[in-house]
Each structure stands twice: as structure tokens, then as C-alpha cells.
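Novice: Sharing the features that Swiss-Prot gives for it:
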BINDING   Gln39, Leu40, Arg41, Asp42, Lys43, Asn80, Ser119, Lys148  4-amino-2-methyl-5-(diphosphooxymethyl)pyrimidine binding site
BINDING   Asp81, Asp100  Mg(2+) binding site
Amino acid sequence: MHSRLATARLYLCTDARRERGDLADFADAALAGGVDIIQLRDKGSAGEQRFGPLEARDELAACEILADAAARHAAMFAVNDRADIARAARADVLHLGQRDLPVDVARAITGPATLIGQSTHDRDQVSAAAIGAVDYFCVGPCWPTPTKPGRTAPGLDLVRFAADVAGAKPWFAIGGIDGLRLPEVLAAGARRIVVVRAITAADDPREAAAKLKSELLAAI
């Protein structure tokens, strides 16, 4: 699993797309375009606003859809925040925020096979993640984003810092990244990115993913 993480470049966060009812088709398209890791994150989504928070059984059902799609495309499936859901869904990856479970507690729940990542938003957090127990970390937001309302964006300066201190540990730039902004992110030193709307809001998710992946691979 660590070798797959090392080669991963494009990480997608998607909601359950309840208002559209097309999660399976969307996931297949995005993964066919080159997404390496696909994560379910329904917080603040249009579906949550319309239908309310995703219940645990519905979250597991959505996880099963994404896990099956990821397996078909030799990609990895990630769960956000919830170590119990990650274990029940047999997720490849669990992603934690700074205020979520400590990494050692989460790993005790998921088991050793599940990779664990963590969000970082300042230099101290980046430095800690670079030498800590997480398998990868995310750096940002690079720009303000509606998926994290009210959060100050540390910007590309933090990406440059991560590029200097991360060493061999995989890390991903995150926050407001799309095809137009990707060259700036690459110039700052990132070689892996997390995206949301750049693919979820695209008319052709497969094409959007393929374009991003092509630019990422060209920068290696």
C-alpha cells in the first residue's frame, strides 16, 4: 500500500452526490481519468443541505460504491475523519484533521493495513507531520475554498515550506486547486494535489481528471 501511495499524484474528495444520484457513474469516470485516491467527504455538501447529514448506514453504502470503483481502477479509497467507518468499509486510507482522533488511536481502530493521512495548516503542523507517524499529509488551503468556510488560507508559502522539509514522505497540496492554478502549485514545489470542484463540478469528470493527471506526471 505504501508503494501505491508513493506513486499517487491526484487525490479527489467527493460528496455522496445524493442530489444527483450518480455517485457510481461519477466515480468510474473520475477514476478512469486518472484519479489515484478517491475520498468520501459529505460535510457541507449540497446533499447535506438538502437531505441532512449522511447517516452511518448511508455513509457505508456510499463507501462501498467508491471502494468497488477504486478496486476496478487499481486506485485507493479513503474515508474522512471516521476511523470506525474506515474499518467497517475496509478503506485503504483514513484522513484525519488536526482535531480528530490522535493517529495512534485511529490506527488501533483501523488496523495496521490502513494508511493514515493528516491535514496541516501551518509550519509547525507541517514539520510535525513530516517526521510523525502519519503516512502522508496535506498542506493548505492554497486558496480559500467553500468546502472549508472561514478557514484562512496559508497559501503557496506553506507549500514551498513543505517542499523544503517533507523529505521522502508523500504530501499533497490542497485548497482551491484547479487546472488554471495548478502551474502555480507545481512551481511552488508540490507534485501531488487534492481537488474537489475541479472534478466534481466538471461537465466531463474523466476529461478533467485526465488533464490534471497529465500535468502532474509531466512535472515529475
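The backbone N, Cα and C atoms fix where each Cβ goes, and this holds for glycine too.
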Novice: What's the CA to CA span in angstrom from Arg41 (4-amino-2-methyl-5-(diphosphooxymethyl)pyrimidine binding site) over to Asp81 (Mg(2+) binding site)?
Specialist: 9
Novice: Neighbour count, 10 Å Cβ-Cβ cut-off, for Ser119 (4-amino-2-methyl-5-(diphosphooxymethyl)pyrimidine binding site): what number do you get?
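Specialist: There are 24 such Cβ atoms around Ser119 (4-amino-2-methyl-5-(diphosphooxymethyl)pyrimidine binding site).
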Novice: How long is the line from the C-alpha of Gln39 (4-amino-2-methyl-5-(diphosphooxymethyl)pyrimidine binding site) to the C-alpha of Asp81 (Mg(2+) binding site), rounded to the nearest angstrom?
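Specialist: Counting only the Cα atoms, the answer is 11 Å.
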Novice: Hey, does DSSP put Asp81 (Mg(2+) binding site) in a helix, a strand, or just coil?
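Specialist: Note: Asp81 (Mg(2+) binding site) is coil by DSSP, not helix or strand.
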Novice: Sort out the sequence-distant neighbours of Asp42 (4-amino-2-methyl-5-(diphosphooxymethyl)pyrimidine binding site) for me: same chain, 6+ apart, CB within less than 8 Å of its CB, listed by position.
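Specialist: The list for Asp42 (4-amino-2-methyl-5-(diphosphooxymethyl)pyrimidine binding site) reads Asp15, Ala16, Glu48, Pro53, Leu54, Glu59, Ala62, given in order along the sequence.
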Novice: Got a sec? Which of these binding-site residues, Leu40, Arg41, Asn80, Asp81, Asp100, has the most Cβ atoms within 10 Å?
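Specialist: Comparing the binding-site residues Leu40, Arg41, Asn80, Asp81, Asp100, the most crowded Cβ belongs to Leu40.
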Novice: From the Cα of Ser119 (4-amino-2-methyl-5-(diphosphooxymethyl)pyrimidine binding site) across to the Cα of Asp81 (Mg(2+) binding site), what is the distance in angstrom?
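Specialist: Counting only the Cα atoms, the answer is 11 Å.
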Novice: Highest CB neighbour count within 10 A among the binding-site residues Gln39, Lys43?
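Specialist: Output for this query is Gln39.
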Novice: Measuring Cα to Cα, tell me the gap between Lys43 (4-amino-2-methyl-5-(diphosphooxymethyl)pyrimidine binding site) and Asp100 (Mg(2+) binding site) in whole angstrom.
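Specialist: Per the Cα atoms, Lys43 (4-amino-2-methyl-5-(diphosphooxymethyl)pyrimidine binding site) and Asp100 (Mg(2+) binding site) stand 14 Å apart.
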Novice: Please report the distance from the Cα of Asp100 (Mg(2+) binding site) to the Cα of Ser119 (4-amino-2-methyl-5-(diphosphooxymethyl)pyrimidine binding site), rounded to the nearest angstrom.
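Specialist: Computed Cα spacing between Asp100 (Mg(2+) binding site) and Ser119 (4-amino-2-methyl-5-(diphosphooxymethyl)pyrimidine binding site) is 10 Å.
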